Every structure is written in structure tokens, then in C-alpha cells.
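Annotated features, as they stand in TrEMBL:
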DOMAIN    36-464  domain 'Peptidase S8/S53'
REGION    45-69  region 'Disordered'
COMPBIAS  51-60  compositional bias 'Basic and acidic residues'
DOMAIN    249-318  domain 'PA'
DOMAIN    512-608  domain 'Subtilisin-like protease fibronectin type-III'
């Protein structure tokens with residue numbers, strides 16, 4: 001890396017396990033924020049974490065290396081999975097780390113950590129002063145919070161005022177509707193998708209059937225032979241209630257006399273995936289099959305299990321249960337896992353990825369975009385085990401993780417690359433470029449689906465799956481300023497306490513915010529919204545509008561043709577929507593508006609539900 005830019009004002013804060021010399025021309029800033037945490041929880045337990053920017057959890061290292069890690073040859077997860085040269089999305093970007101998340105006292109790290117708004121706001125203030133360009137924030141509340149009560153949203157608004165693009169994870173509460181978080185229009189909200197790589201570890205059943213499974217466990221069964229197979233509920237201790245809980249391999253539930261030497265079949269639900277395997281191991285089980293619940297569907301999240309193990313889809317889980325119930329002599333064999341690339345179909349939307357519509361302002365379509373977040377390999381701290389469970393004493397340099405936390409830095413990296421190509425672009429322009437250039441097709445040339453193979457829609461993936469190379473030259477952008485976001489807030493909440501800004505007497509419609517997507521919740525009659533596009537392609541270009549309307553909805557664009565004489569020129573248009581047929585109330589239907597000059601395709605999703 002070249003010398004640190006003179007515009008950089010950040011520092012490397014020191015602590016017991018972090019020296020100033022740990023920073024370099026790649027890692028140019030590191031700070032930590034404890035005041036809010038310690039005011040709430042008391043003194044930090046330094047056996048769990050470090051009073052320094054040092055990561056003792058793993059999550060921050062994983063996301064930071066995803067956004068900007070340099071190429072590392074022969075990187076792989078425990079057991080050699082996903083081996084190859086690993087790169088971050090923007091390998092020449094410089095990184096500054098603002099540590100705001102800490103362990104929850106009395107809870108294991110596998111249950112997540114806590115990040116307090118006051119610590120986040122202090123970090124925002126420093127990041128703005130330090131001179132960052134992009135903020136990648138893989139943090140979110142478990143439920144949506146109103147903007148003015150949401151410290152992350154308010155901090156992000158101040159960052160946006162300083163032309164810093166804030167990219168956030170959309171949450172892992174899917175597939176339930178209206179669970180998406182970090183939905184403020186000035187935040188770039190990211191959904192999670194799969195990649196074209198799988199970790200195949202099939203199961204052979206005693207009846208000769210082969211069941212597809214996936215696993216990243218480094219352990220194999222001791223012999224290539226069939227082992228006795230049991231359902232967890234059959235081998236539990238006497239005191240375990242005979243409910244669905246019995247099949248879940250929860251801590252202390254299994255009877256070692258009944259489980260010893262057997263492959264135990266457990267169901268997902270309560271407890272952690274790895275924790276269930278630990279319980280099987282404690283009870284002397286030789287291996288473990290994890291069956292998805294219907295909510296997880298066909299999505300397989302892989303883990304560094306502590307014994308030979310594999311995970312199967314909810315459909316296959318039912319087949320295995322049927323087999324167990326059909327015979328007294330049940331056997332199985334778990335094949336060692338292998339990494340397979342160019343898997344099809346990919347991408348698909350992850351089942352855990354939080355869904356729209358936004359619970360706070362459904363007039364803004366959220367999430368904005370999808371990026372890889374399922375089974376992502378990235379760097380890991382040696383201050384924690386790959387499973388984050390305290391009893392796990394293994395240490396690794398790289399780890400496979402899943403979540404919208406993993407998707408967020410992919411978008412942050414793409415934004416950093418666009419910022420490098422177009423340093424004069426606003427944060428809204430960069431966001432617009434990525435949104436309007438996103439793709440809708442998987443590697444089989446068909447529309448992207450969810451984890452169970454059903455067609456996915458904009459409430460799952462926003463405008464589609466990101467395509468960074470297209471975003472570098474988007475043709476047109478939907479720009480917006482800090483003032484536009486304040487006007488948006490006027491129609492949402494009273495912000496007249498801000499002495500520098502007064503809301504107008506008549507507040508503009510939230511739907512007129514110059515956003516690169518369209519959402520019409522509870523449509524009645526005819527609604528017209530205005531947008532402004534800025535030409536960032538060639539001079540003398542002519543764009544034609546084409547519409548794929550939502551079912552039963554009429555969509556018109558006026559004017560349908562836009563002529564641009566020079567770069568930077570702005571043109572307004574109106575989009576008019578009206579219900580044409582009796583469509584089921586409260587159910588969303590989707591369409592698309594596309595502007596094209598024959599070279600660029602500028603596509604925006606349209607979401608409509610009727611009252």
C-alpha cells in the first residue's frame with residue numbers, strides 16, 4: 001500500500017492487547033467505545049474481551065476482511081473447506097475499525113453481543129471527523145425501531161450529511177414479513193443470498209436411499225460402515241418432556257446409555273446448531289444429522305461441528321424421520337464433506353434474510369439489494385473458537401459464517417470501488433448505481449428464487465442481486481441530499497426542534513423522495529410520484545422508459561422519453577399508478593420501471609398493495 005493519505009485524521013487507540021504498531025498502511029485506524037456499555041453493565045470482564053480495538057469475538061474480523069482483505073493464497077476453513085486464494089471485495093481499500101460491540105454479561109458469545117447507541121454515536125462522530133468514505137455496519141436491532149429512537153439511524157444521517165455512505169445489514173429474522181431493520185432511506189440496506197459453492201456431505205440410509213446433506217465439519221466417521229441411527233427423542237433422559245423439544249438435542253437432554261456409538265438425528269429450533277452436536281458428543285454419539293425445520297426450508301447453513309455431522313433440508317428431514325419410524329433396524333453413514341463450486345441454482349435469497357415491507361415507512365422499499373451472505377469464508381480471530389462456544393477450544397485463522405452481516409461488507413466493498421472510480425459522486429448516487437444495475441437472474445438464467453425454490457421478490461432482495469461491474473457505469477442515477485432526507489423525516493415525525501431546519505407548512509409525500517425504487521402501500525385511486533434522474537453516462541443520450549406493471553395495476557411514465565445533452569444534466573419524470581382490476585387487498589404485487597439508451601439498463605422495482 002502507498003503512504004497513508006494526508007486527508008486521514010484517525011488514530012490507533014492502544015490497549016492491553018493492541019499496540020499502535022499493530023496499525024499500518026492497510027489498517028490505518030482503530031478505536032474502541034466502552035463508556036455506554038460500562039454505564040449499563042459495569043466494568044468489562046476482561047477474560048471475555050479486551051479493553052482495546054482487538055477483536056475477541058470474530059464477527060468484526062470476518063466482516064472487515066470481507067470488505068477489504070488482501071489476497072491470501074491457500075486460505076481455508078477448518079478441515080480444508082473452501083480452500084483457495086481469498087480476497088476481500090476491495091483489496092486496496094484502507095480500513096479503520098470502530099469497535100462498539102461487547103459481550104453480554106452472563107451470556108455466551110454464541111448468543112450474540114450488545115452494541116449500545118451511545119457508543120455507536122460516539123463512533124459515528126469520530127468516523128466523520130477521521131475522514132472515512134464508507135461505513136460498513138453489520139449491526140442491527142432484532143425488531144424495527146422508529147428512526148428518531150434509533151441511534152444507528154441518527155448517526156447514519158449525520159454521516160450522510162458528510163457524504164459518507166452507510167451500508168447496513170437488513171437483519172436475520174426471515175422469512176417472516178416486515179422484519180427488515182436499518183430501513184432509513186439514507187441507509188443502504190442489504191439482504192443475504194447464497195453463492196455458487198456448496199459443502200456436500202451426503203447421508204446413506206440403511207434402505208439404500210442417499211440424502212443430500214451439507215457440512216463443514218473437519219471430522220469423519222472412524223470406519224466406512226453403517227452405524228445405528230436414532231431420533232433424539234428416543235434417547236432422551238426421563239425428565240425431558242415428550243414434546244417437540246425432545247427431538248432438539250438441547251444441553252443435558254440425551255441419555256449416554258442410549259446414545260453411545262450411534263448417529264443421532266436432531267431437529268433445528270431451540271439452541272444453537274453446533275451446541276446440538278456438542279450434546280450428541282457429550283452423550284457418546286458417534287455422529288449427528290441436523291434436520292431443518294419448515295421455516296429453514298431447503299437452506300443449509302454449514303458449521304465447524306465438533307463431531308462427524310451433516311445438515312439436511314426440511315423435506316429430507318421428514319424422509320429420514322419416516323425411515324426411522326418404518327423399521328427397528330435403522331442405520332446410516334455420513335460421507336465426509338467436500339467443497340463443490342459452480343453449484344446451481346445460485347444465487348437464491350437466504351431464508352434467514354429479513355423481509356420487507358418496512359415496518360417503519362413502507363413507502364420506501366426495503367431491503368435495497370441482495371449480496372452473498374450464506375456460508376461465507378473470511379478471516380477470524382484467534383481470541384475465540386470458530387463456533388464462539390466457550391467449551392470449544394479450537395482456534396482458526398479463517399471461518400465460514402452466515403448472516404446479512406456477511407452480505408453487508410460485499411456491498412460496502414462494491415461502493416468503495418465505485419467511490420474510487422467516481423470520487424465526486426454523492427453517497428446517494430453510489431447507492432443508486434448499485435440498486436439500478438442489480439440482476440434478477442441466477443446462474444441457470446432463470447429468475448432468482450428463495451431458499452425453497454419459490455420465485456423471490458423485491459420485499460426479499462430489493463432491486464435484485466448486486467452486479468458491481470455494471471454499477472461502475474449505470475447511465476443514470478437518482479441523487480438525493482441531506483436536505484431531501486430531512487424533508488422525508490418531516491412527513492414522518494416532528495423535527496422542528498432542530499434549530500437549523502424548519503419543516504415546510506405542507507410536508508411533501510414520503511413517496512416523492514428521489515429514491516431509486518417505488519413503493520405504494522395501501523394504494524387507493526390514482527397516485528403520481530415525481531423522480532429526477534441525473535445523466536452520468538454519455539452526452540447526447542436518449543433514454544426510453546419501459547414498464548413491467550404489477551398484476552392488476554396500470555403504470556404510466558411521463559415523459560416516456562428523456563433527452564440528455566450533457567453529463568450531469570437532470571431530468572424529471574412522473575410515475576402514475578392506478579389499480580385497474582380487483583386485486584386481493586393487503587397482498588403485494590411487483591413490477592419494474594426500466595430506462596434504457598440501448599447501452600445502459602436503469603431498472604427500479606415497483607411494489608404495490610391495495611387498501
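Note that Cβ sites are derived from N, Cα and C of the backbone, with glycine treated the same way.
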Rounded mean pLDDT for the residues that make up the domain 'PA' (249-318):
93
Counts by DSSP class (helix H/G/I, strand E/B, coil) across the compositional bias 'Basic and acidic residues' (51-60)
2 helix, 0 strand, 8 coil
Please list the DSSP helix, strand and coil residue counts for the domain 'PA' (249-318).
19 helix, 15 strand, 36 coil
